[in-house]
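Trainee: Sequence annotations record features per position, and here TrEMBL assigns GTP binding site to 12-18, 40-42, Arg303, 329-331, 410-412. Residues annotated as IMP binding site in TrEMBL: Asp13, Glu14, Gly15, Lys16, Asn38, Ala39, Gly40, His41, Thr128, Arg142, Gln222, Thr237, Arg301. If you look up TrEMBL, you'll see Asp13, Gly40 marked as Mg(2+) binding site. Annotation source TrEMBL lists active site, proton acceptor at Asp13. Summarising the annotation, TrEMBL assigns active site, proton donor to His41. Marked as active site by TrEMBL: Lys139. If you look up TrEMBL, you'll see Thr297, Val298, Thr299, His300, Arg301, Ala302, Arg303 marked as substrate binding site.
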Amino acid sequence: MSVVVIEGAQWGDEGKGKITDFLASKSDIVVRFQGGNNAGHTICFNNKKFALRSLPSGIFNESIVNVIADGVVLNPFMLVDEINEVKEGGITNFNLLISNRCHLIMPYHLDLDGAYESLLSDKKIGTTKKGIGPCYIDKAARRGIRAGDLLEPKFLKEKLETTLKVKNLELRSLGLKEYDPIDLYNKLMKVAELLKEHICDTNYYLNKAIKDNKNILFEGAQGMMLDIDRGTYPYVTSSSPSSNYVPQGSGIPPKAIDEVVAICKAYTTRVGEGPFPTELFNELGDKIREKGHEYGTVTHRARRVGYLDLVVLRRNLEMSGATEIALTLFDVLRNIKDLKICYAYKLDGKIIDYIPASLDEYSRCEPVYKDFEPFDFKDDTKTFEELPIEAKNYIKYIEDFTGVKVKILSIGSDREQTILRY
Ligand code: IMP
């Protein structure tokens with residue numbers, strides 16, 4: 001382990017949490033580099049369950065430094081709640097660094113997220129309504145409020161006055177309540193009391209840590225099919241969840257990355273709207289949803305479920321330079337009859353092996369499948385060799401097709417139910 005990136009290789013919710021916990025325990029530093037509290041995973045610590053949203057996964061380990069880097073959008077009010085939850089759980093000695101350059105999600109971003117979605121009526125993106133998109137809009141429009149602004153009260157006050165002139169105009173035009181800059185300033189100053197000791201230049205910190213040969217884990221949120229540039233636009237999130245964005249979102253050089261672990265579910269799920277060629281609308285889809293507990297951590301929405309799609313997986317592994325696959329929820333596929341993997345699409349009668357950029361074309365793609373024999377194995381299977389040949393064939397096909405080895409195989413929610421192939 002040295003500098004390792006974990007990325008979701010599908011539409012998010014690939015089970016990154018378990019693999020991240022596993023790899024975080026071997027790290028000195030865990031970094032979030034994109035997204036915000038639209039992400040979520042549950043960690044069990046001291047027999048209590050914690051739903052982490054913005055805090056990196058190493059927060060329960062006193063010896064790990066947890067970094068919220070530049071590319072994240074951070075809701076300071078929600079972060080305070082999350083920190084208090086962690087403290088109430090008995091963790092008081094955590095190490096947290098927040099980039100002074102990361103942008104803050106303001107209350108009006110949440111209002112706007114809801115309003116934009118309502119305006120789209122039947123063309124809704126299905127966002128998590130956490131204000132992610134509107135915050136990235138203001139970042140790009142150069143009127144965002146950054147974490148570092150909390151350390152400069154006079155500057156923050158002036159900035160809020162200027163920014164709110166524009167935002168209030170927009171809020172008013174949408175029939176939404178306007179914000180008073182002084183009131184918002186006072187609220188921000190309150191959360192700043194708790195957060196200011198954590199805010200610093202994390203670029204400087206991370207580059208020094210690389211020189212000092214620290215083990216650093218970059219923890220991606222969401223999945224590459226939700227990438228703003230290469231996902232199923234506009235049904236995407238507003239950041240880039242792949243290793244490609246780690247240098248930009250954290251300020252480290254690309255050459256510093258040693259390993260890229262792509263997390264892939266043994267089947268596919270998606271929440272929110274947008275094309276999903278291998279989606280199952282039948283009893284099998286319902287069965288996989290129940291067996292895999294496919295309901296959102298943040299929104300509790302039922303996830304859409306489908307067969308594994310290797311057109312998606314291969315493109316994402318290639319694009320992000322994945323060095324290994326962690327295949328998750330493999331146990332969910334036990335005793336599934338009619339098991340298939342998609343290896344190509346049929347578009348207007350032609351076989352293609354790429355993801356069309358056009359939403360209309362992608363919606364018309366029909367999956368081309370290879371059939372697989374059903375398999376079963378014991379909960380306490382410890383090695384790859386113990387798996388039945390049918391299960392091995394399923395995995396081998398993924399490896400041969402993508403050219404990337406499945407080095408981590410998750411066969412249950414317990415940490416022990418992880419088969420390593422190093
Ligand atoms: P937003 O990130 O809240 O703007 O939502 C944009 C799209 O990304 C929606 O389809 C969401 O359902 C999806 N999305 C955002 N975060 C996650 C996640 O952590 N897992 C899966 N889907 C997500």
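Every residue gets a Cβ built from N, Cα and C, even glycine.
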Trainee: What is the nearest of the binding-site residues Gly15, Lys18, Asn38 to Thr299 (substrate binding site), using the Cα of each?
Mentor: Asn38
Trainee: Work through the binding-site residues one by one (Asn38, Thr128, Gln222, Thr297) and point out the residue whose CB has the fewest other CB atoms within 10 angstroms.
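Mentor: Comparing Cβ neighbours within 10 Å for the binding-site residues Asn38, Thr128, Gln222, Thr297, Thr297 has the fewest.
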Trainee: Taking every protein chain in this structure into account, which of the binding-site residues Thr42, Thr299 has the most other Cβ atoms within 10 Å of its Cβ?
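Mentor: Top count of Cβ atoms within 10 Å goes to Thr299.
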Trainee: Among the binding-site residues Asp13, Gly15, Thr128, which have a Cβ atom lying under 6 Å from any atom of ligand 1?
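Mentor: By the Cβ criterion, which requires under 6 Å to ligand 1, the hits are Asp13, Thr128.
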Trainee: Check His41 (active site, proton donor) against DSSP and tell me helix, strand or coil, would you?
Mentor: strand
Trainee: Whose Cβ lies within 8 Å of the mean position of the Cβ atoms of Thr297, Val298, Thr299, His300, Arg301, Ala302, Arg303, the substrate site, other than those residues?
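Mentor: Not counting the recorded site residues, we get Val271, Tyr295, Gly296.
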Trainee: Return the count of C-beta atoms lying within 10 angstroms of the C-beta of Ile411 (GTP binding site), excluding that atom itself.
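Mentor: Ile411 (GTP binding site): 26 neighbouring Cβ atoms within 10 Å.
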Trainee: Can you tell me the CA-to-CA distance separating Val298 (substrate binding site) and Gln222 (IMP binding site), as a whole number of Å?
Mentor: 12
Trainee: Could you give the Cα-Cα distance between Gln222 (IMP binding site) and Gly12 (GTP binding site), in whole Å?
Mentor: 4
Trainee: What is the nearest of the recorded positions Asp13, Thr42, Lys139 to Ala302 (substrate binding site), using the Cα of each?
Mentor: Asp13
Trainee: Just how many other Cβ atoms lie inside 10 Å of the Cβ on Gly15 (GTP binding site)?
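Mentor: Summing over all protein chains shown, Gly15 (GTP binding site) has 22 other Cβ atoms within 10 Å.
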Trainee: List, in sequence order, the same-chain residues at least six positions removed whose CB sits under 8 Å from that of Asp13 (IMP binding site)?
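Mentor: Set apart from Asp13 (IMP binding site) by at least 6 residues yet with Cβ under 8 Å, we have Gly223, Lys265, Thr269, Val271, Glu294, Gly296, Thr297, Arg303.
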Trainee: Counting Cβ neighbours within 10 Å across all chains shown, tell me which of the binding-site residues Val298, Ala302 comes out on top.
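Mentor: Of the binding-site residues Val298, Ala302, the highest Cβ count within 10 Å belongs to Val298.
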